[in-house]
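Here's what Swiss-Prot has on this protein:
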type     : residues                                       : note
ACT_SITE : H9                                             : active site, tele-phosphohistidine intermediate
ACT_SITE : E87                                            : active site, proton donor/acceptor
BINDING  : 8-15, 21-22, R60, 87-90, K98, 114-115, 183-184 : substrate binding site
SITE     : H182                                           : site 'Transition state stabilizer'
Amino acid sequence: MYKLVLVRHGESEWNKENLFTGWTDVKLSDKGIDEAVEAGLLLKQEGYSFDIAFSSLLSRANDTLNIILRELGQSYISVKKTWRLNERHYGALQGLNKSETAAKYGEDKVLIWRRSYDVPPMSLDESDDRHPIKDPRYKHIPKRELPSTECLKDTVARVIPYWTDEIAKEVLEGKKVIVAAHGNSLRALVKYFDNLSEEDVLKLNIPTGIPLVYELDKDLNPIKHYYLGDESKIKKAMESVASQGKLK
């Protein structure tokens, strides 16, 4: 049996302000830093250690991972960073307030943009400073691969091949792996692992800063999965994620 630990980054400054973030590189809030520390302490308490880590190219995931590894006394392990684990790109919604957007377009429309499987938001023009072709961290990635907007289906299309080609290989070698990423890149993995329907993934809420453990068989099929920590706190955190994008 193998174990894989997934962690969504701690609360970011834009999570706190209820803004669409996507590929915008924002920092952790004070609460997010505390969540990352708590995740690290919880993993340490439960006896977890890691051989290799994976993360996105965005600071909030990197910083969460670094804090967790520091709490575990494992800042020395290898970390592989990839744009393929980035958050879903929210296109022209990036930087907009979710509640204000719901008031303008309607909650149902915003829910579709946020959580539907195959409907992307309005795209960014390549001249827009928010477009990833303007960001030097993506300068080595072919321009045609960089999104101007994404639906979850698009995110799955870049995350799952990376799982298969890179992360799964390390798990099968017996390495203890942690992945620190984002709400939608992790939803892509959970959908794949649990064979969720498009309707079921719409209802999936992954809370910030709480370790999600998958136990996998020899073929990397899931045996079971569970969050670490207090159940009532986990439930409250999931409800908080679900409430985003609603009128206040």
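Don't overthink the numbers, they just go from 1 along the chain as shown.
Glycine is no exception: its Cβ is also placed from the backbone N, Cα and C atoms.
Remark: of the binding-site residues R88, K98, the most isolated position is K98 (fewest other Cβ atoms within 10 Å of its Cβ). The highest number of surrounding Cβ atoms within 10 Å, among the recorded positions W14, H182, is found at H182.
For the residue listed as 'active site, tele-phosphohistidine intermediate', the spatially nearest entry among the recorded positions G22, E87, R88, K98, H182 is H182, judged by CA separation. Long-range Cβ neighbours of E87 (active site, proton donor/acceptor) (same chain, at least 6 residues apart, Cβ-Cβ under 8 Å): T21, G22, W23, S56, L58, A181, H182, G183, N184, S185. Within 10 Å of the C-beta of G22 (substrate binding site) there are 26 other C-beta atoms, taking all protein chains into account. Within 10 Å of the C-beta of H9 (active site, tele-phosphohistidine intermediate) there are 30 other C-beta atoms, taking all protein chains into account. According to DSSP, R8 (substrate binding site) sits within a strand segment. With a 10 A radius on its CB, G183 (substrate binding site) counts 21 other CB atoms from all the protein chains.
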